[in-house]
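Feature list (source: TrEMBL):
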REGION    1-61  region 'Disordered'
COMPBIAS  28-61  compositional bias 'Low complexity'
DOMAIN    88-226  domain 'Beta-hexosaminidase bacterial type N-terminal'
DOMAIN    230-396  domain 'Glycoside hydrolase family 20 catalytic'
ACT_SITE  393  active site, proton donor
DOMAIN    404-545  domain 'Glycoside hydrolase family 20 catalytic'
REGION    579-649  region 'Disordered'
COMPBIAS  593-604  compositional bias 'Polar residues'
COMPBIAS  625-640  compositional bias 'Pro residues'
Ligand code: TNX
């Protein structure tokens, strides 16, 4: 069986334009000198003089100068946005377009921000997102009294609450666009960050380019007021079945941030490998980290690696939720420390995909010393409030042996001042304050879980048949599982966490999480293929109020993201459920320095890289000046004929 998902290679025509969009973009710029709208060549003052073969000096303008002059020329033309104010995923609470109030971002724009360190970081992030494609310098400066074209304001007074606002206020924001500028206001830096992600989606697709593009940077006029429905909006990456390095995890964090997800759960340990260094038990990684499914080399995070992940996440307002899966799923730990095994004999390393055969010894005190050491070190390295203790599929630890074990581990976590999260199998164990069950069942009726909720447990919903990102889209999806069914984009979209589980009140539901198990996933391209486009569907389920979302609206709004992912070098599944447009031609400005072909830094063992291969492993890092781009932009996956999709909800 071929394991190559369709990432597409066919050339595509120009993107169809929205009916309400403005005139077509300016003509491509000729290298080396840009051309004015009147057709006369210009020489960019910032350029460097070189000699032609004939010996006469010409000027090779810098990419930045070219972008600026192109934008200025373009700004003289009538500019209208290519994106509508409502074309945002996840759908905002309220959108009030003012078509006469569009903004053209000027080349000399500064990002003005309230004098607050966290807000300033958001402003820097915005500038870093916009600089590569615009080529504009976008300096970040404190907020003056006079309005500027990009303004981030922190403070309750600045963010009037929509009526009835309650949960989610601290992550909410307001975005106003008029011809003078974009103003994002929020109570918190997190709200500003989400507003920045919205602004990014309102700019033309070319904003995703990592090199300067000739474009009119138009933002549609009007006002968006927005806040999330659920406070916990997450995804999980299983780095135990196959190991993924720090750069890959950061790239996944970028995808989460784009869609306003705020938790990344890392499944750090399993039968096939132990992925997090623990100083007091060094063989966990030295021995237990060297294996993975299929016999590959495995790997693990050092303390410094983990810190990088946590910090990268924090800069994107994402909380890392580390999981140590106990008492089952522990073969790798038993290989490293046989004293933890019930028979005190080291099992052979495991590189298959079965579950439920291994466990630590719940009757040995040494096991609890181990758990306390591991969770203690992990808590010290983790700024977020959660510690995930697994608890799933420990088939050989039954009855009170199991509940007694879970209760002791819950107490260890509480003693560390953290909140316990566990897969819903821990439901029968006694309640500790604030504990959270992660429900991964497939039929919305689970009396044991409903009873645990009555005793005070809260829930994160990961229904296997809606939220599992390792399920196949269709029977012929070349990777993934199907034990919980097939999950196409509609299925990922079509459910409601608040009403999903019988006997569980909406107030007990913290939100949802989309797990990506990696038994069959071995590369970044494969991760992205399974993540996109289902992750934005699940993000909308978690963020948007039911009254603002519909399948028909979602698929239309999502369609424009295909060209964005393509421009950013992100692989995705071109599901026929979504009316993808063709990729717009990206008009890269001429280079100023020689570049080489992009290097695909992610491990890709089965799939070719995305058409426009990832050029930096983490997408939203400041782009180094030499970041290469392909000489000729590669085509987007062939648009699939618009499916006759009559599903409306
Ligand atoms: C079930 S969901 C598991 C994992 C597997 C996954 C594959 C859960 C808590 N346990 O061990 O990787 O199915 O889909």
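The first residue you see is number 1, and the count goes up from there.
Each residue, glycine too, has its Cβ placed from N, Cα and C.
Where the annotation comes from TrEMBL, it is an automatic prediction and has not been curated.
The structure displayed is predicted, hence computed values, not measured ones.
Mean model confidence of the domain 'Glycoside hydrolase family 20 catalytic' (404-545) amounts to 98 (pLDDT, 0 to 100 scale). Residues near residue 393 (active site, proton donor) in space but far in sequence (CB under 8 A, at least 6 apart, same chain), listed by position: 328, 329, 355, 356, 425. Helix, strand and coil counts under DSSP for the domain 'Glycoside hydrolase family 20 catalytic' (404-545) come to 53 helix, 23 strand, 66 coil.
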